[in-house]
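> Sharing a structure here in structure tokens format.
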Amino acid sequence: MFTDEVVSFRFVSYPEEKVAAYAQEGDNGATSKGRAKDINNHEEGRLNTNLRSKGDILINGRRQKLAFGTSAYVTQENVLMATLTVREAIYYSAQIQLPDTMPVAEKLARAGDTIQEMGLAGALDTRIGGRQTKGISGGQRKRLSICLEILTRPRLLFLDEPTSGLDSAASYHVMSRIAGLAAREGMTIVAVVHQPCSEVFELFHGLCLLASGQTIYFGPAANAAEFFTSNGYPCPPMRNPSDHFLRTINRDFELESEATRTVSKPSAADEAIETLVNAYKSSNTSENAKKEMHDINEMGGVMLRRKQATFLTKVLVLTRRSFVNMYRDVGYYWLRLGIYISISLCLGTIYCNFGYGYDSIRSRSSMLMFTGGLLTLMAIGGFPSFVEEMKIFRRERLNGHYGVSAFVISNWLSATPYLVLIAVLPGAIAYYLSGLKRRVDHFMYFTLVLCSCTMLVEGLMMIVAAIVPDFLMGIITGAGIQGIMMLNCGFFQLPSKLPKIVWKYPMFYISFHKYVLQGFYKNEFLGLVLENNPGVGDKTITGEQVISILFETEMGHSKWADFAVLCGMIVAYRLLFVMIIKVVDMLTPMFKGETFRCHSQCK
């Protein structure tokens, strides 16, 4: 860790060997018990569901949250928006994170300085890239991830394996620049690092070494080699000290298995761990660390929360960013639009000019059902792209950039133009080729309902994504839910024939396809006069008789009431998504199985 402050770690329980770094300089300080990255994990809900954390996080001896602007966390995985360029990713993030009181020119200058510090100036106009297109390298992705979190110059920065994907030269340059940034801005940086090169290791001010959840060493990094030497494990000449430390205490590759090893014959790694743990407990280094923790707890003080952009600014920037992402990601809407147009051409030519014969009744109802049900079912095709956006949302939300409400509103606003386009173009092709009512007001209603269908499916898939984050399982789940809803909409089985328990009450009224289909029926059939079935009653039959008697459509309200219900369901699905995110946040700690004790104090 690099800092002009003090951060100390004492690990209570963790199953694998790690190297964590800390710094010891200056007058202010911080103390921490727990695993480096699990301090922020515990505070922000990042721990795995099979872990339960206990204890307190103390900042300057007081219980305080690691608020936005005062702490940031760079995950090991690089979660970035593939369609954006490096410049766009950093500039959008700067507008979201930095307060509105800061002039735009100053925000851009801050972003430019950060780009220079991480050596990304040569890749500014290169797209990040992802599953569809090749973009920047893995090392540049890691540096970009760091860039996005140091824009606010947080007082405490957690880096989970910041050198992953970087060669030795890039690792040194990145870590040295982070060290310089920490010195200039007064930041405390906690890094969890696997096997740093010798040049990077020399940058560390302090070291916390763990094995099987026990503290092997916690103190100045420069004194670690001497500690190992004094306890019988000297570092060979010309060997990287960090390699030597981990090799000494690593039990993963012992030749003798745990099952055959006897108590009287422990492995060499077990002996080393036991020796070093006991030696550390009785060392002056341990006593100095405890004294520092006590002194820091006596200092007091409050870590202030830094200002962010306003809610409106966040929504506008997120909307613009999401709109650009949707425009550039072919799989989000453009591919779907092409498929919709193709299917609409098929519908229009198959049902070309219904006419007004008795057979046209079935043709009209089938065409409307396919449009309102099966056509909108294909909206799940954009689910993989939305899942990628959800990953970015989760990362940025956990880091405090914005909340779930800003995300939902911005996603809704940015998606609406594309959904309208998807409804109007394919809808017009299918509508006029098939010979539905050729009046503008009826076509407008048809388009509005079709657009509301796609919005509803988008909302449904947002809910599925909140519960089932895997895109393959999400597609299957979303398709299954819509399939059940379609079965209960009154087309495949008349409402009076549906079993009253479950399928009629409540499924028939929950299914949005019911309101879509009945709205379409009223829009198309009311006012029509059709030929009746030959030999049965009158020669003609009205459209009202068709939908009320043959289709059992509810006639107590107008088609606009059905549309209003659809609009209400659109809002309800978005609100349900917000509620699920909130409830999951509250319930996740209650369902964690394994106990993980963590008592942390940091600044």
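Glycine is no exception: its Cβ is also placed from the backbone N, Cα and C atoms.
Automatic prediction, not curation, is the source of TrEMBL annotations.
These figures come from a predicted structure and were not determined experimentally.
The domain 'ABC transporter' annotation in TrEMBL covers 1-237. Residues or ranges marked as transmembrane segment by TrEMBL: 333-356, 368-387, 407-433, 445-468, 474-494, 563-584.
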> Examine the transmembrane segment (368-387) against the transmembrane segment (563-584) and state whether at least 3 Cβ pairs sit under 8 A, considering only residue pairs 6 or more apart.
no
> Using Cβ atoms and a strict cutoff of less than 8 Å, what residues sit near the transmembrane segment (563-584) while being 6 or more residues removed from its termini?
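Answer is 404-405, 408, 412, 445, 448-449, 452-453, 455-456, 459-460, 462-463, 466-467, 512, 515-516, 519.
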> Using a Cβ cut-off of under 8 Å, list the residues of the same chain at least 6 residues beyond the transmembrane segment (445-468) that approach it.
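That would be 371-372, 375-377, 379-380, 382-383, 386-387, 390, 408, 411-412, 415-416, 419-420, 422-424, 427-428, 431, 436, 474, 477-478, 481-482, 512, 516, 519-520, 523, 559, 562-563, 566-567, 569-570, 573-574, 576-577, 580-581, 584.
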